[in-house]
Amino acid sequence: MSGTNKQTNLHRQTETIRQLLGSKVVVLVGLMGAGKSTIGRKVANMLNLPFKDADTEIETVSRMTVAELFEAYGEVEFRDLERRVILRLLDDGPMVLATGGGAYMNAETRAAIAEAGISIWINADLDVLMERVSRRQNRPLLRNSDPRGVMQRLMDERYPVYALAELHLMTRDEKKEVIAAELIEVLAAHLEKEQAASAG
């Protein structure tokens, strides 16, 4: 497909999403390093929608970093705060929302997302994830002697739950603009299918 045709298609798809999304929140789920925030910002910009990062919102309300919250209160308390913040954000749609890696594991959070949003699993293989997270030091779950082993365990635990998301998108070592355009395409097709089903 030529560049012009791709741009025309992308424009049509963004218009479709804006028309059909209503007040729903586009919720990106997946492991740390999958690119939820990077892709989410790009998609929000393309759709002219607000972008929110759940971890950033948590840090704002708590006045602590995610790493500090983990250390001070433990993962259980952090997940409870995370759930409450996400439930509040789901009331503010339409927007694009990137969630923390563990957020979708909470059944109550998943149910709320299913009701008020469209969940999209941003997937990536282990090598891509490790290459990305190695650039950052603020990953409390990876602060040990075997971060690759921890990441593999997280994949084993979480991927079956992430697979419950309505839509799936595989990322790879590709420009964020390309992945964002693929997400737009998948989301537009999903909304059109939903509209056709409700009309039928």
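Note that Cβ sites are derived from N, Cα and C of the backbone, with glycine treated the same way.
Look at A34 (ATP binding site): DSSP puts it in coil. Sequence-distant contacts (6 or more apart, same chain, Cβ under 8 Å) of A34 (ATP binding site) comprise I122, N123, A124, L129, R132, T171. The annotation ATP binding site is assigned in Swiss-Prot to G33, A34, G35, K36, S37, T38, R139.
Per Swiss-Prot, Mg(2+) binding site is recorded for S37. Counting Cβ atoms from all protein chains shown, S37 (ATP binding site) has 19 others lying within 10 Å of its own Cβ.
Contacts of D55 (substrate binding site) defined by a Cβ separation under 8 A and a same-chain sequence distance of 6+ are given as V66, A98, G100, in order along the sequence. DSSP assigns D55 (substrate binding site) to a helical segment in the three-state reduction. According to Swiss-Prot, the substrate binding site annotation covers D55, R79, G101, R158.
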Local Cβ density at R158 (substrate binding site) - other Cβ atoms counted within 10 Å: 18
In this structure, the one of the binding-site residues K36, R79 whose CB has the fewest other CB atoms within 10 Å is R79
Cβ neighbour count (within 10 Å, all chains shown) around G35 (ATP binding site): 26
Using Cα coordinates, what distance in whole Å links G35 (ATP binding site) and R79 (substrate binding site)? 21
Looking only at C-alpha atoms, tell me how far R79 (substrate binding site) is from G33 (ATP binding site), rounded to the nearest Å. 19
